[in-house]
Amino acid sequence: MASVSFDSVTKRFGDFTAVSNLGITIGDGEFVCLLGPSGCGKTTTLRMIAGLETPSAGRVMIGERDVTFMHPKDRKISMVFQDYALYPHMNLADNIAYPLKVRGESQEKRHARAREVADILKIGQLLERMPSQISGGQQQRTSLARALVYPSDVYLFDEPLSNLDAKLRLEARGFLNHLQRDLGMTAVYVTHDQAEAMALATRIAVMDAGIVVQYAPPLEVYRRPATTFVANFVGNPPMNLLPVEAMISDGALHLKAVGLATAPLRVTRAAAKALESGKSLTLGVRPEHLSLASGGEENTIAGQLFANENMGPEALVTLEREDAARFTARIFTDEMVALEGRVTLGFSSDHIHLFDERGLRLPLDHEED
Amino acid sequence: MRQFSLLSRTAGAAFMTPAGVLIGAFVIAPFFWVIYVSFTNRTLLGRTALNPEFVGLANYISLFDAGSFFTRGEFGFSLILTVQFVLFSALIGQAVLGMLLAWMLQSVPKSLKRLTEMVVIAAWILPEVVIAFAWFAFLDYDDGTLNMIMDALGLPRGDWLLSFPFWVIVVFNTWRGTAFSMMLFNSAFSSIPPSYFQAADVAGASSWQKFRDIGLPLIRGHVVTDLILITMWTFNVFTPFLLTAGGPSYRTEILPIYTYRVAFRDFEFGKGAAVGVIVMLINLVFALFYLWVARKRTAKVVA
């Protein structure tokens, strides 16, 4: 096991900058998820660790080794591919044992090791089968087994669960989490599924347009998103965002928008300096922090009922405001929520997120800085 | 499933007729004509030109005459020479060199790949006569490019066409046909998902291991197709005639040239036709084998 670090790494493809001035470090034994929409540079970042892409500038280190221009085979890494990359002409045993074959291990030794790993991954009874004769979930485990069959410094995952159906994906996700707890491997995991990242990562690097916008533990990313992009990307349904106008009076911040009433907010001294009346801000409230309220109180937002979706353990209530902006609340109840016409949702000052006009987080007083 | 067609049956048949007539007149009729002639003693000149006699299997028997079978300029010698020619210039030359080039092309920058493809394909699409003449000029004793290069390097000149006629046509045919194998293998390699090779890279495989364990097994079907096709083509190639005319002293007289000499220089139509029929049978075996392999591959893909 080893750490991985990027030293001002940039990758360009012609005129397109895929990754820009990347400088993150992945600690020894950490499970880091690179999270972002397609085209954000997360896969390119992963492939630079693997050596399948070469940085245009900067250095990539694995432990103390500078691997920037090193061939993949010399890097002591394992990788699980999105399409699994199982060899169709080899049975599962040969597929799993292939890395040992190229290392010159005897047939007997490598098949024994393949069986060992396959048993851990519950595919031991399938070793004689060909990849085309097993299910997608089993193929996924086979490619995982091939990555685990030899010792590596770093384990790389390129959207390994994205080709599985929803139920299998949940199962495989739990299994990966279990595996990480058992092995304590250093892993870098690329995904566009925020739930996957939240569930697996010790730290998440949220990427947007080639830049890491936030690099923090999952709960931190969830509780204190650094930008409106992160706020919108992490969480399901995404955070409600509403443009508001700032008003400072008596050292407290008031937010103004149609149909919105807020209690005066305390902002940190540093933030207060940058704020002035009339500035446009963005207010964010997560759906799970909204509840049904009666009209006219502080910390409420009102609008016409747009949708009322019952999900079983919860209901998603969406209201639409006059300016066509929508607010969704997750109401935790297994009762049917009966609603009609005008709806008011309430929230607590503790669960408000504020972003400035550039979309950067404004720290509030109740958050220690 | 319902069959939809662009044309009615009659219109389709009408369009097919001109081609059908031409193929009938110039391919199918001569085919049977040759078989018929091979059983006669028809010649160009003399009594048998006007009144050829039916001689049964005499032509065939004379071809396989044990006493002269392996003599230079006879059928057996030519057949063995052709087998060697196919072995060296098609199987070892074109296929192995084409495979090597195609494999190396997988890991070079795209621009270099394009350039190589262009150069190799140029060698393939140039007219045969032009190429033969170019090679003739290249190998000429007095003013040939090769001897000039030898001079410049301080090496002795060689009379290549006289001293090594067989190797000259082997190199010539290899040079001429490698492009096909290279392109076929190249596109076969390109159809393999890149992640297969990347996974092998990450797992620690060398280029040779990737070739042996992944590249070659996955394009096995293409290799068989290629080997059969180039074997057939090389077996029937006539172009070396333009370089050596089958000589010196029959040393490059491969079967197509032998057939040509017997029929159109010695004017023994009957015997020439008999050789033609035998070559046809050999080709038929290749063709059937090819169709069998192709059908087996299709069946596998469908299943």
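The backbone N, Cα and C atoms fix where each Cβ goes, glycine too.
Here is what TrEMBL says about this protein:
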type     : residues  : note
TRANSMEM : B:12-36   : transmembrane segment
TRANSMEM : B:75-103  : transmembrane segment
DOMAIN   : B:80-290  : domain 'ABC transmembrane type-1'
TRANSMEM : B:115-138 : transmembrane segment
TRANSMEM : B:158-175 : transmembrane segment
TRANSMEM : B:223-243 : transmembrane segment
TRANSMEM : B:273-293 : transmembrane segment
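With a cut-off of 8 Å on Cβ pairs spaced 6 or more residues apart, the transmembrane segment (B:158-175) and the transmembrane segment (B:75-103) reach 3 or more such pairs and are scored as touching. The stretches the transmembrane segment (B:223-243) and the transmembrane segment (B:12-36) do not meet in space: the count of Cβ pairs below 8 angstroms, excluding pairs fewer than 6 apart in sequence, stays at fewer than three. Here the transmembrane segment (B:12-36) has Cβ contacts under 8 Å with residues 5, 273, 276-277, 280 of the same chain, all six or more residues outside its ends.
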